[in-house]
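Below is one structure, written out as structure tokens; comments come after it.
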Amino acid sequence: MGLLLPLALCILVLCCGAMSPPQLALNPSALLSRGCNDSDVLAVAGFALRDINKDRKDGYVLRLNRVNDAQEYRRGGLGSLFYLTLDVLETDCHVLRKKAWQDCGMRIFFESVYGQCKAIFYMNNPSRVLYLAAYNCTLRPVSKKKIYMTCPDCPSSIPTDSSNHQVLEAATESLAKYNNENTSKQYSLFKVTRASSQWVVGPSYFVEYLIKESPCTKSQASSCSLQSSDSVPVGLCKGSLTRTHWEKFVSVTCDFFESQAPATGSENSAVNQKPTNLPKVEESQQKNTPPTDSPSKAGPRGSVQYLPDLDDKNSQEKGPQEAFPVHLDLTTNPQGETLDISFLFLEPMEEKLVVLPFPKEKARTAECPGPAQNASPLVLPP
């Protein structure tokens, strides 16, 4: 009996140790450098950018120009975390349009807005799970100085705030033209989103602006002010106003947003290079996505900041390393932090994933950065 008691105590200690949660013993060196033109990396980058655009409520849809850096943290049966640095371009689609970034047009060079996004993206192929854990983006307009050296007569961007009466006039005049030509609904100005000016046969102003439905029709003009107005933007208009000594020229086109219904599969396609198993992952993830009010997904997962162009006086003091400051600090613990991802799975289970800090240094491999869709130095981050 004297020998049985120590033996029982040893067995109890071993069992308790087996049931204890494993200690974090991780190192950022666990990150695997990936080729920026690998088909699966491009597909994951496409999914990440799709979700970045879906998460935003303001601004224009961002388009992938190239993968600048890609690192993967493989977690065995739990899938992989991708740490992506993406060079992006702003398109002509507003995010409220809910259009896939692949289907949005690229802006002409003198209107370009470009930048960089960092994203942490989780993929579990066997369980068919895709999830954007966090992102941050920094954007700048193309340098006015460089545009002027290339095209001195091209339109130049101007502030969109309400203090610029020429911009406000161009928006209200062009919207009035649209309302006059529209036989039923009337619309009012919600917000000017872009503006530029140019001298043609006189001063010309070009504007893009969000519109909302007016609570009345033309026949109700006298009682319109007595009715409440819906403040939700319903479309994006592009207008222009040119004045000469004798007359003015006004033009306008409007593109209306679709209803806020769930996006269809056509809006969620991956990038052109599609591994055969990834579309199945996306299809199932659409069906198994939890409600948007899930506590685990509440709140924004990132942000997009706009800075002046690099030749602006406010940017002169910053060196190349600070040109596009994009910080993604989901965790600063070098050993990583656990992230509860149970809500991503259809089956009731408890799943936790260790997330490492976003790497401060790029992998610097021969395969990165990848080839750019637009290789102009004007729109590539330094």
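Numbering starts at 1 and runs along the chain as displayed.
Every residue gets a Cβ built from N, Cα and C, even glycine.
Which of Cys93, Cys104, Cys117 pairs with Cys137 is settled by Swiss-Prot: its disulfide partner is Cys117. In Swiss-Prot, the feature region 'Disordered' is placed on 363-382, out of the ranges 183-202, 203-222, 363-382.
Within the list Ser284, Ser315, the entry that Swiss-Prot describes as phosphoserine is Ser315. In the three-state DSSP assignment, the secondary structure recorded for Cys154 (disulfide bond) is coil.
Of all the disulfide-bonded residues listed here (Cys93, Cys137), the one with the fewest other CB atoms within 10 A of its own CB is Cys93. Break the region 'Disordered' (363-382) down by DSSP state and the numbers are 3 helix, 0 strand, 17 coil. Distance noted between the C-alpha atoms of Cys104 (disulfide bond) and Asn182 (N-linked glycosylation site) is 26 Å.
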